[in-house]
Number of protein chains: 2
Amino acid sequence: MGNADYVYPTSNVEGAHRVAVPPPQPFVKSLKYNLKETFFPDDPLRQFKNQPPSRKFILGLQYFLPILEWAPRYTLEFLKADLIAGITIASLAIPQGISYAKLANLPPILGLYSSFVPPLVYAMMGSSRDLAVGTVAVASLLTASMLGNEVNANENPKLYLHLAFTSTFFAGVFQASLGLLRLGFIVDFLSHATIVGFMAGAATVVCLQQLKGILGLDHFTHATDLVSVMRSVFTQTHQWRWESAVLGCCFLFFLLTTRYFSKRRPKFFWIAAMAPLTSVVLGSLLVYLTHAERHGVQVIGKLKKGLNPPSFGDLIFVSPHLMTAIKTGIITGVIALAEGIAVGRSFAMFKNYHIDGNKEMIAIGTMNIVGSCTSCYLTTGPFSRSAVNFNAGCKTAVSNIVMALAVMVTLLFLTPLFHYTPLVVLSSIIISAMLGLIDYEAAIHLWNVDKFDFIVCISAYVGVVFASVEMGLVIAVAISLLRVLLFVARPRTFILGNIPNSNIYRNVEQYPNASTVPGVLVLEIDAPIYFANSAYLRERISRWIDEEEDRLKSSAEASLQYVILDMGAVGNIDTSGISMFEEIKKITDRRELKLVLANPGSEVMKKLNKSKFIENIGQEWLFLTVGEAVAACNFMLHTCKPNPLKDDQSEAYNNV
Amino acid sequence: MGNADYVYPTSNVEGAHRVAVPPPQPFVKSLKYNLKETFFPDDPLRQFKNQPPSRKFILGLQYFLPILEWAPRYTLEFLKADLIAGITIASLAIPQGISYAKLANLPPILGLYSSFVPPLVYAMMGSSRDLAVGTVAVASLLTASMLGNEVNANENPKLYLHLAFTSTFFAGVFQASLGLLRLGFIVDFLSHATIVGFMAGAATVVCLQQLKGILGLDHFTHATDLVSVMRSVFTQTHQWRWESAVLGCCFLFFLLTTRYFSKRRPKFFWIAAMAPLTSVVLGSLLVYLTHAERHGVQVIGKLKKGLNPPSFGDLIFVSPHLMTAIKTGIITGVIALAEGIAVGRSFAMFKNYHIDGNKEMIAIGTMNIVGSCTSCYLTTGPFSRSAVNFNAGCKTAVSNIVMALAVMVTLLFLTPLFHYTPLVVLSSIIISAMLGLIDYEAAIHLWNVDKFDFIVCISAYVGVVFASVEMGLVIAVAISLLRVLLFVARPRTFILGNIPNSNIYRNVEQYPNASTVPGVLVLEIDAPIYFANSAYLRERISRWIDEEEDRLKSSAEASLQYVILDMGAVGNIDTSGISMFEEIKKITDRRELKLVLANPGSEVMKKLNKSKFIENIGQEWLFLTVGEAVAACNFMLHTCKPNPLKDDQSEAYNNV
């Protein structure tokens, strides 16, 4: 970049600015910066700076156990609020826990166990004040379908149970490691659109599974896809039990009505929250009084009294099924994590406090590791329960402790009361919860705003409903990633024109009143230039030049002399991209056009400099803005005759 | 976007411009545009426009058979040049063909067959004038290692041969379909860095395999990784044949010397081109005269006379090995394609003509389909042979026809001459060709210009050498894609400052003399805003605001009032990104800061408009340039007192 080369045209145009090459940075420093941005974007160590060691220790302890931070500031007023919220969510947690355990083909009592230990762990480690811990329908169903492919829960219940604990253990380990290794951003790859479609699909599938309970069927398919379920339902029409179906529809109607009412009048949120427990009580009473269990209405049966038995010894690490357990753990773990963190973040946004995703992952992971050793299966922060918690006015995670205590009392004394609870009531509870997850309004919004997101959403839905839950997820994530790759592989290029009465240049499609400059083609490239798009960009830029020359020829305007590439939106470039520029330079040289670059960013300048392309193109043909580049081109066009200019330029090339 | 809301501040600042929402486009039209850009970026149908049907038919025929285009213009002068080039490459093709066929564990005669039919097909269909068709070392080795895993070539040579034809057939079908379906851009995902590392690794592996021939070993490992080969070599040191090794080293020395000489004096390119054939002749004579084949020097043995027998009947489509054949076909096909197209493009760039990647794929694919039915295995345009062709002054694809005729003569009359050719000479020929592929200078260049590309290159190399050829490729492509995803997942954000004496705002890291504006934080986002980065950007922007407020507090400057986001480099946004903006808006509102957007592009404006975010933020807080945004903020800062302004603003929010 010898200054001697720095002769024209910038020196002739008033006020033109020179493009700077950013000051060189040592490799280690820039690597450190990049690693920090990748793994510590939230700068969690900031508060540790300039603190004495003892303070650092306390801060570190508080990082992993946020309860140490807020417990000292806990007040009686908070306790009152948390007590009400805790009781409310317990009344929801008990019937939901039993229902979801049935959905996972696990003993119903596990649903209660899972609402006892994990909430206590979360209350100590979690940083959300609104998350209510419990099992979730989608993860339960996934556990059933993935483990069910390997082991039949009816034929070999013990092995199945142990596999469920093992997969919960691995889910916890996976979740906690993601948090500890600062890889929380993996969850971000489940886009909003994916989650909308996936949730709706999973809800549909879960509802379909409930046809077993509603129709009182004994045998049912293990597959979750629509076709298998429909075949299973309609091949055994003679087995349908009308008593069960009538009961189920009544309760479903009751639950939906209360939910609708509470939604209209948020003050009466507790009506919807209490409805499931009320249904359970009413249903049980009805069965007890009418002895409907003898007329085809299936009931839960005996539930063991007592707290969670330890299950550490049940984890199996040497088994032909180990891989299945690990796979199930990872997939259910990621899904549970995505729900838990999304829910935590949404409520934190409402109440204006901050949630650290990686910290949450460690909390949820630890909760599942501990859970897997105390007869619990996978838990997270379900949306429905957390919303009830929030509406009930919870202040801190103490509401989880209250819920856990209420569940403890149930486990110790009240389990016999569930003996006569009809399964069909549980099915109704699940269906009514699931219908809320089908967010068709969000899908319509996606269609209106972003068609591609809509496609992602619909493929997730279709994949889940017609293939399998995992397949739907994989398809949706693959399409989302494809979109990102496609954005880079096919970047948009625009012709820029001059906005009237300014020296601003903008896309002529967006600003139809912008006018192009005679003899100058201004192109904007809208993405980083990488191997994936360098071949395309070469083709596309040549085509723009072809089209522009054709147009000028047909309209008998002045011939094309300059091609200005606006690099403002080119965030980065790799060696393939630099080769592309070298080829473009050759193409323009051959056509006797001058290539000019405007506004290259710091990363681009660094690499163009290192690869000597700046020397190739000439430092004087780099401009800070498109406006200055056009001004310089115009200056050259009007002070020199076209032909001498071209000769002059080609000499300039040879000298470089 | 009611105009009534459009009150201040832009109306108060002179010369401020309004940001336009691009005119709405019907969904079908924009879909069509996107599909065209994705699949037809080179607009191949342009020449068909406004032509009569008969002309269209001829153009269409010429598209698939470019020979129809250039043959009528063929001159005697061209023929002279092509004749010389054709003879030269034939002298290289014969020994190389035999060598590579041995490398693929196929009968040596297949190497000659493969230099006869495919070049004829390519001469009719190919659009490159410099590509010389033939087999390549890497694809040969891959065939050997992938098919060798399934079928032992020594125990079951017939099945192995048939599988090789079948995989060639599938490679051809795959290549041609990529071209026909306009999916040629898949090849672009093999970046330059990947190819450098992969080629060097493959060359290393091929050289290692030649230890078998050089040392005259009978048994050798089927694995290609360094460790297995070294173990295989050093566990049978008692089997080493010194006669073979001495012969090999001599010929290698001869070949390398001629190559070095020709490289220094490009005029004598034919010395290096003739050296392999000379080696073969010399080696055969030596063995014939000394009867070295009885002293441990292995020879080729009998080669069948006659042209390619048809092999259509040998293709197997119902076999337990079908999947292996398809997999081998696809992987070798992609690699062969990448090499062929890269070579064609490079030489086209030199000679200033254009190559259509998709058309080339159809040509190469057809050539392999035809080849698989005429006893040929996978062919493409190898770099070494094409470079010799180019240096020999070839003018058109007729040089391929000349080569094919020369090979035909050899097949018909000269095969007995190869009976005494020692295998060790073939090994020397392969090694000397392979050493040229280890392009360490390119690797050094990558390190200097782009560290990440260097990592990609080295992982490809290490993967190929220590794991397997396919593994190396998969690792390199995965890392390259990871880079693209990481670019999107962790976009850079910069603080912008004012370049002195201008209203231009640029990254303060790149322009250390740029000065920030008191009370205003200007941030640039350097990538599209997608689900993969929306969570990160929310964190990062909050952190920028935190840091800026901390800095201002410690330096007792005026407090922060405005946050301007420069959206110039944001090429696209999805619904997750819009939610991110809504959250950022809430965060800034809560901190009593005003969020301002500068220079949103057309895609972004479209989506912000559809999602009503423009109404949320207020049309008057969108600016065409950062300069105008800052001017408006400054105007507000200096005309109104800070506190009333804030109140005023929060009212404004409520009204929106």
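Note that Cβ sites are derived from N, Cα and C of the backbone, with glycine treated the same way.
Unlike curated records, TrEMBL annotations are generated automatically.
What TrEMBL annotates here:
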{"type": "TRANSMEM", "residues": "B:131-148", "note": "transmembrane segment"}
{"type": "TRANSMEM", "residues": "B:160-181", "note": "transmembrane segment"}
{"type": "TRANSMEM", "residues": "B:193-211", "note": "transmembrane segment"}
{"type": "TRANSMEM", "residues": "B:240-261", "note": "transmembrane segment"}
{"type": "TRANSMEM", "residues": "B:268-289", "note": "transmembrane segment"}
{"type": "TRANSMEM", "residues": "B:330-350", "note": "transmembrane segment"}
{"type": "TRANSMEM", "residues": "B:396-414", "note": "transmembrane segment"}
{"type": "TRANSMEM", "residues": "B:421-438", "note": "transmembrane segment"}
{"type": "TRANSMEM", "residues": "B:458-486", "note": "transmembrane segment"}
{"type": "DOMAIN", "residues": "B:510-633", "note": "domain 'STAS'"}
(message) Using a cut-off of under 8 Å between C-beta atoms, tell me which stretch among B:193-211, B:240-261, B:330-350, B:421-438 contacts the transmembrane segment (B:131-148) the most.
(response) B:330-350
(request) Tell me, please, if the transmembrane segment (B:421-438) and the transmembrane segment (B:193-211) are in contact, taking contact as 3+ Cβ pairs under 8 Å between residues separated by 6 or more positions? (result) yes
(message) Do any residues, 6 or more residues outside the transmembrane segment (B:160-181), come within under 8 Å Cβ-to-Cβ of it, and if so which ones?
(response) 39, 104-107, 143, 146-147, 150-153, 187, 311, 314-317, 319, 321-322, 324-326, 328-330, 332-334, 336-337, 357-373, 375-378
(message) Tell me if the transmembrane segment (B:193-211) touches the transmembrane segment (B:240-261). I count contact as 3 or more CB pairs below 8 A, with pairs 6 or more residues apart.
(response) no
(request) Give me the stretch from B:193-211, B:268-289, B:330-350 with the greatest number of Cβ pairs under 8 Å to the transmembrane segment (B:458-486). (result) B:193-211
(request) For the transmembrane segment (B:193-211), could you work out the same-chain residues 6 or more beyond its ends whose Cβ comes under 8 Å from its Cβ atoms? (result) 103, 137-138, 141, 217, 220, 224-226, 229-230, 233, 335, 338, 342, 427-428, 430-431, 434-435, 437-440, 442-443, 446, 450, 453-454, 456-465, 469, 472-473, 476-477, 480
(message) Using Cβ atoms and a strict cutoff of less than 8 Å, what residues sit near the transmembrane segment (B:396-414) while being 6 or more residues removed from its termini?
(response) 67, 70, 74, 78-79, 82-83, 85-87, 89-90, 93-94, 97, 112-113, 115-117, 119-120, 122-124, 126, 128-129, 131-133, 305-308, 389
(request) Determine how many residues of the domain 'STAS' (B:510-633) DSSP places in helix, in strand and in coil. (result) 66 helix, 21 strand, 37 coil
(request) Please give the average pLDDT for the domain 'STAS' (B:510-633) in this predicted model. (result) 89
